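According to Swiss-Prot, the features are:
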BINDING   8, 30, 59-68, 118, 178, 187, 207-208  substrate binding site
ACT_SITE  61  active site, proton donor
């Protein structure tokens with residue numbers, strides 16, 4: 001299991017300051033919508049200047065018609081990131097088109113599909129998708145697996161089931177990890193590190209418990225000890 005640190009601070013400068021404090025740790029860095037829209041490709045380059053060995057997960061959750069998603073995926077290749085994601089609800093045709101397009105490249109990033117956002121509760125999710133989170137997450141994961149993707153974004157509660165219906169090597173990345181029982185904020189389906197580990201999660205994403213800490217490096221050290 002690997003740790004991915006969410007770079008969700010209000011400014012580029014604050015994110016870079018955080019990265020500087022944790023530069024000696026073997027962790028992934030997650031660049032989300034706000035940070036990428038605000039700071040762009042230059043931010044990705046600045047990360048590599050601090051530590052060229054950092055691996056970057058570009059969390060943009062692509063969702064569009066198949067050709068547009070595939071075009072965007074090709075553009076992401078040029079950014080040199082190590083992982084990005086799409087929405088599974090865009091459908092199998094869109095996901096397949098993304099993977100077919102990426103076959104042109106000798107080296108491509110890991111591609112994950114978002115199943116159910118961890119901010120959803122059962123009631124909200126059911127009104128939109130007409131089914132339970134667990135059933136729909138399994139279906140989305142199966143669609144992603146059959147479309148040739150490398151894994152999915154899901155909560156820790158769906159990870160074991162998804163691996164059972166796909167493959168043990170099919171990756172799961174879980175946001176909403178609260179390693180020391182912190183407030184869950186706007187996340188609904190949260191878990192701790194031990195639960196994620198027992199669910200055979202491949203990547204855990206931790207944000208607020210790290211960047212809100214006075215000593216983020218120490219928090220990372222403690223999380224890595226649990227991993």
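Even glycines carry a Cβ here, placed using N, Cα and C.
Feature map: Swiss-Prot annotations on the structure.
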residue	record	Cβ neighbours (10 Å)
8	substrate binding site	19
60	substrate binding site	16
61	active site, proton donor	17
63	substrate binding site	17
66	substrate binding site	18
118	substrate binding site	25
207	substrate binding site	20
Should residue 66 (substrate binding site) be counted as helix, strand, or coil on the basis of DSSP?
helix
Reported as an integer number of Å, what is the Cα distance between residue 61 (active site, proton donor) and residue 8 (substrate binding site)?
15
Conformational class of residue 8 (substrate binding site) under the three-state DSSP mapping:
coil
